[in-house]
């Protein structure tokens with residue numbers, strides 16, 4: 001029985017070519033997904049450069065600017081430029097994934 005379990009264990013290890021480095025199947029999947037996302041991201045950056053000005057702005061800064069301006073209009077701070085700059089810096093992570 002133990003020899004069967006050892007054989008099963010060895011079979012599982014043999015299925016994962018990177019097991020000798022301690023990489024599990026889930027880690028390998030994560031790495032592959034990251035590679036694919038990086039390739040898509042680099043293709044997207046090239047696409048952004050080829051867009052007309054209006055389309056480029058609509059896809060990059062208009063969404064966060066509209067949200068920031070809406071908050072600015074609602075709160076009406078005494079220093080609106082600094083408020084908007086601060087808002088953009090604080091919330092840019094929410095919108096960077098969309099680009």
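Glycine residues also receive a Cβ, built from the backbone N, Cα and C atoms like all the rest.
Now, the feature entries from Swiss-Prot:
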- 1: N-acetylmethionine (MOD_RES)
- 1-26: region 'Disordered' (REGION)
- 19: phosphoserine (MOD_RES)
- 35: N6-acetyllysine (MOD_RES)
- 35: SUMO2 cross-link (CROSSLNK)
All-chain count of other Cβ atoms within 10 Å of residue 35 (N6-acetyllysine) = 10
Request  = Let me know the DSSP-derived helix, strand or coil state of residue 35 (N6-acetyllysine), please.
outcome  = helix
